[in-house]
Amino acid sequence: MDVLELLRASANGCYNTLFSDAWFQYVSKQIATTMYWYGALLVIGVLFIAWFLYFKRLARLRLRDEIARSLSAVTSSGGDHRGLRFRKRDKMLFYGRRMLRKMKNVSGQMYSSGKGYKRRAVMRFARRILQLQRENRPLEMKTVEPPAEYLEETIEGSDRVPPDALYMLQSIRIFGHFEKPIFLKLCKHTQLLQLMAGDYLFKITDPDDSVYIVQSGMINVYICNADGSTLSLKTVRKGESVTSLLSFIDVLSGNSSYYKTVTAKAMEKSVVIRLPMQAFEEVFEENPDVMIRVIQVIMIRLQRVLFTALRNYLGLNAELVQNHMRTKGSSVVPNAVGGAVLAQASQASRPVVRAPTSPNSRLSREEHTLSDPDPNPNANALLFAEVHGDAPYIDLYHHQQQQSSAVSVNQAGTRRSSTTYGPSGESPNGNANTAPGTSIDQRLVQSSAVDSLRRELGLSEDDAQIIEPFVEVRELEPNVTLITEGNAEDVCVWFVMTGTLAVYQSNADATRATKQDSKNDVLIHFVHPGEIVGGLAMLTGEASAYTIRARSNSRVAYIRRAAIYQIMRQRPRIVLDLGNGVVRRLSPLVRQCDYALDWIFLESGRAVYRQDESSDSTYIVLSGRMRSVITHPGGKKEIIGEYGKGDLVGIVEMITETSRTTTVMAVRDSELAKLPEGLFNAIKLRYPIVVTRLISFLSHRFLGSMQTRGSNAAGGPVEANPVTHKYSTVALVPITDDVPLTPFTYELYHSLCAIGPVLRLTSEVVRKQLGINIFEAANEYRLTSWLAQQEDRNIITLYQCDSSLSPWTQRCMRQADVVLIVGLGERSHLVGKFEREIDKLAMRTQKELVLLYPETTNAKPANTLSWLNARPWVTKHHHVLCVKRIFTRKSQYRINDLYSRVLLSEPNMHSDFSRLARWLTGNSIGLVLGGGGARGAAHIGMLKAIQEAGIPIDMVGGVSIGALMGALWCSERNITTVTQKAREWSKKMTKWFLQLLDLTYPITSMFSGREFNKTIHDTFGDVSIEDLWIPYFTLTTDITASCHRIHTNGSLWRYVRSSMSLSGYMPPLCDPQDGHLLLDGGYVNNLPGHLWRYCRASMSIAGVFPPFCDYRDGHLLLDGCYTNNVPADVMHNLGAAHIIAIDVGSQDDTDLTNYGDDLSGWWLLYKKWNPFTSPVKVPDLPDIQSRLAYVSCVRQLEEVKNSDYCEYIRPPIDKYKTLAFGSFDEIRDVGYVFGKNYFDNMAKAGRLGRFNQWFNKEPPKRGNHASLNEYTFIDLAQIVCKLPETYALNTADIFSEDEDFDGYISEPTTLNMDRRRIQVPRAGNSLSFSETEMDSDVEIDLELERKVDKATQSTPPTPNKQHALSPTSSQTNLLPLPPNSKPKEKQPSYDKLDREHKRRQKSKQKQQQERSSMQQRDSMVTLHPATMAEATTQTAPHSSEEDELNKPEQQPEQKPVPETEEQQQKQQDQQQQENLTKTDTKN
């Protein structure tokens, strides 16, 4: 509220104001003259009450004395009674009756009549006169300090492991997971090197063939420039290693090199462990799967660490690769006659094409016109001969030009953009040698392509027949795209025979929309004839990192990914040649960076660096989550921020060369890339564009930190996180078994789909994808790599935990950025044992409580404080209103079928699930309502306009009158109810006679605030802020601590009242927590328990109402407008990404009169009363005091207007006064009309999308959804070396949670299955939990009934070649039934299937046989067609045995007698399902 306008209230009463100037002057004068009379009357009243009480007490004493004298007289006249005695029963009866009479007297005081009634009446009157307050403290939130592990790192000793073995184990972890026997073999080859200060560990011309691990001391790695100068690259300390993974590939492929520019020298006495790279060859010969896995890990590190750090953060693109690939083996082919001269001629005739040095300069697309033909075809031929000097050379390009010279222009114009020829030289239409525009023998082309790819893959001439069936040739025209960036389906190994290919990559600074435009792509390099491309995506198993287009008319030979993996099965060492091809393309810069960049694995609780340590490096978070904690001199720890995937940690301290200011530790298992300071300086000197990139990056960071500055939340031991939260992984944990976790996860998944790609994972999903033994320690690498890839592909991954502490639940806790604890709001708040175990597993992970309420309930959330007090580890809570289908008890079958249809619809962005989804992804929308007295009625109109514009509201903050209106919206969420309550409150504020009764002696304020408190308390009741549907905060001015206070919990009405306590009119509110005095928060920030208390505190106008005393600490609270009248910055700090701020405060007049150096009051009086002089504008004393009080508020308001995260709106309500509460409807209509027009204009301008659109996604279509099998983690060792892979058996699938239904888009883990399988019912039971059946979250996976003809039983089925090669035929249920199997008579029931499953688990031998047969079945799909029949024959006998085990016992079927309509309907559904099953069986 505004003090100035309140003092200048209109005297004519046209706006129904409460005060007028004349009345105020009269009252002030009467108080000044009659002050002594009031004092005298008060003294007389007090004396009268004391006299009355004294004489009444005296009368009671006299009556007691008379009774005593009468009793003594009776006793003295009775004679001697010493011989009389009472029986025990009479004594017990006497004392019992006496006790009952006492109890009756005590209990009678509770009623309105009886003894003590008059005394209570007098006390009530005295309490009303003297304003005595009864002690009635509401329930408070317990402020419990977080556990030490939450803010401290884990320090554990490693005494059990020798130091050398420990450092060895940590260092070779970059090569992947090694079993213990393999690790011991590698340790046998280690050597200990003793170095003194100044000794060289290695220098230039030394062989680069070892891994060095520093056991003690310090090693300096530096670069030697051509001019003899040196530049430090990095400092290697205890436990760190010096190696190049690229050199590792060179050594294994037989191309070992020497150190050319890198040297290492000991800075002090050091002990270094040396591990020769040749030691791995012995291990790889015995374990080829280990070799393949190591090469894959190296390629993944190259893509995720080197390219991520250098491209995304330093702006390097084309600088990472060479424009011309180095030849394989050597640059001059020794077997070719005159090879050196030929190479020189090739280099002389080849056009020099310089790749751009950075994404901005660098080379425009006009300089690289893709439609230009190759200027020198002979140069391409020479280059081809240079690479394959000893190969039978065929000048295909030149021969093609000669043969096609006679082709007319019209014929050339009708050419297709590309033509593909298969292994036999035939085009797809089946005609051989019919390529348009050429007469070259395609068989010769095919033979040359096979021979070229054979050499690139390192195969001998005898192995040509292995790759010949898979080599395809394709002719391309200019601008034809072979593969796009991010595509995982068309990954191939491309070999250029003629022409040139151009490789592009999207700009690192491009947004999601601009990345779709190819004009923003950056040219990386060209691929010339004789060069190969595509090996990186082939080895990593991930999507392509580049876009490849034809620059001119070209001919390429390629092998698809599936074919390469089949070739790897027979020749695993081709992975070395593919890796060597990738390494040969890299620039020397990447090799130097490979020595300096480190790939760090951190477990939960481990520190990256500690406070006050030297800052010599920065870190990039590849996966996981980090927490920054500062330790104050007093020992108190405070969270500074948290960092997620893609964030840069420690960059400012490294550049400024200051010590670490905080300690950064891992919240969960994390991967980081370490960028040393020396490497950064070396790149900076060589590529100055990096400095520009870094300045831009730091400028955005500092600008964001300036905009997000704010105060910390009140009352919390850990301050609010200033970093915008954005979670990548979310774990969902049920509190009790009756929590519908699966429907809840589906609903959340549905809402998240509107924001971006999301994935839901369960234990059964992972087992289906990776095998039933995937959670064992030996499969740690596969599991973590697969999960990391899923997290990279999706903006958020949902981990649905089991209801027990299973290995999958423990994995979820290790992977989660945040844990959502899901409970039922109407149930007991007690903490279960399982929930406590979850807290122990993830002590550092942030946990949030989600309380579910049925949509049919009319009650509002209550008792939330009890839930939070019982769980001190919870940092935030959410109230979620759920639709009816969530709480309906259904089988897993029907849940899946239900949500397969629900997920096809558009989610409701206004639902609580969508609000939770936006919070998890960092897209919350905040609404900030400013203060302004009666002008706050415009907030109601703006709320209606916001609702009609389709903008959801996820968080609400308010000051003064905005605190009142915002609290109403958070409590009701219905614009009609909010309008009605706001109108009733405004009408109460116009009743002047009630305000007159509230007048008091004006020492602190003019009014006592009692009636004002009553109006707010009647509006909200005893509601706490924690019980509101929407997260809410209010801001007050704490005059005890001289700062503003943010209230997110506690009494609602009290803090709303304190936020409206305008100075001079109401006393400050005394905070019950600490006793601080709180005023209107608008004094410091005019845009931002029991609910009404904080609303009352936020409306404590100084001078009008007394400050409100906080019931927690006793601080006095005043109106928040004195500090921040529009707290949009506070809302941003609390996590809102997009904010709408509505300002209804008054605007000061800035057009003041310049009166010179001095000012006379008499001159102002003359100007005021003389009608013939021009008026002057000079502020008076109240105006000056008001402007002084709002100095910080005005400054903060200007920052909010200039911020990029806030949409500042000010309705045209300046003509209305602060106390014009009688014009509520008129002001509301003004706000509504203005808001509607404002948002309509935003929609037309395209600026409304950031509030109601986040991700443009087409509505999902049935049967056209993504699948994990289409793009998933590829374990080359598993594929190539045929490692034992365990899959879920047929009977194990019974306990599978998720099945694949047609159109079921929420679980993209398997392919579409036969629809007839869905129609198979359970034997003897329906699909509802209302009947007696197994309580499980899984559905039946039953085999289809098939009848096998006797004539075909003895003949093995012939495999289909196309089916075998199809990538979608990997399911075992799509294979033909083995010949000796028998058809099933009927489907087994749940009980029998359960018994069969347990019997199989007890029989270890049978289980191993089943697993091996399942592996053979799967290998039939991916192996060469020639081995298909043999694998099928091997599988047949065991399948017959398995079917015999699955065959149920013959029992008569018992049908229940229907008693109700519901049971009759279920009976009909069951009968219909059985009829369909019989029909399918006959077919």
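Backbone N, Cα and C define each Cβ position, glycine as well.
What Swiss-Prot records for ASP1080 is active site, proton acceptor, and it gives sequence analysis as the kind of evidence. Per Swiss-Prot, the feature nucleoside 3',5'-cyclic phosphate 3 binding site maps to 574-701; the stated evidence is sequence analysis. What Swiss-Prot records for 1410-1419, 1465-1474 is compositional bias 'Low complexity'. Marked as motif 'GXGXXG' by Swiss-Prot on the basis of sequence analysis: 931-936. Taken from Swiss-Prot, the feature motif 'GXSXG' applies to 958-962, supported by sequence analysis. Annotation comment: Swiss-Prot describes 1-34 as topological domain 'Lumenal', evidence class sequence analysis. As annotated by Swiss-Prot, topological domain 'Cytoplasmic' applies to 56-1483. The transmembrane segment feature in Swiss-Prot is assigned to 35-55; the stated evidence is sequence analysis.
This prediction places the mean pLDDT of the topological domain 'Lumenal' (1-34) at 52. The number of other Cβ atoms within 10 Å of the Cβ belonging to VAL590 (nucleoside 3',5'-cyclic phosphate 3 binding site), over all protein chains shown, comes to 22. ARG686 (nucleoside 3',5'-cyclic phosphate 3 binding site): 15 other CB atoms within 10 A of its CB, across all protein chains. In three-state terms derived from DSSP, ARG606 (nucleoside 3',5'-cyclic phosphate 3 binding site) belongs to neither a helical nor a strand segment and is classed as coil. In the three-state DSSP scheme, MET654 (nucleoside 3',5'-cyclic phosphate 3 binding site) is classed as helix. For MET654 (nucleoside 3',5'-cyclic phosphate 3 binding site), the Cβ neighbour count at a 10 Å cut-off comes to 21, with all displayed protein chains included. Residues near SER670 (nucleoside 3',5'-cyclic phosphate 3 binding site) in space but far in sequence (CB under 8 A, at least 6 apart, same chain), listed by position: PHE601, LEU602, VAL621, LEU622, SER623, GLY624, ARG625, MET626. Applying DSSP to the motif 'GXSXG' (958-962) sorts its residues as follows: 2 helix, 1 strand, 2 coil. Packing around ARG606 (nucleoside 3',5'-cyclic phosphate 3 binding site) is summarised by its Cβ count: 16 other Cβ atoms lie within 10 angstroms of its Cβ, all protein chains included.
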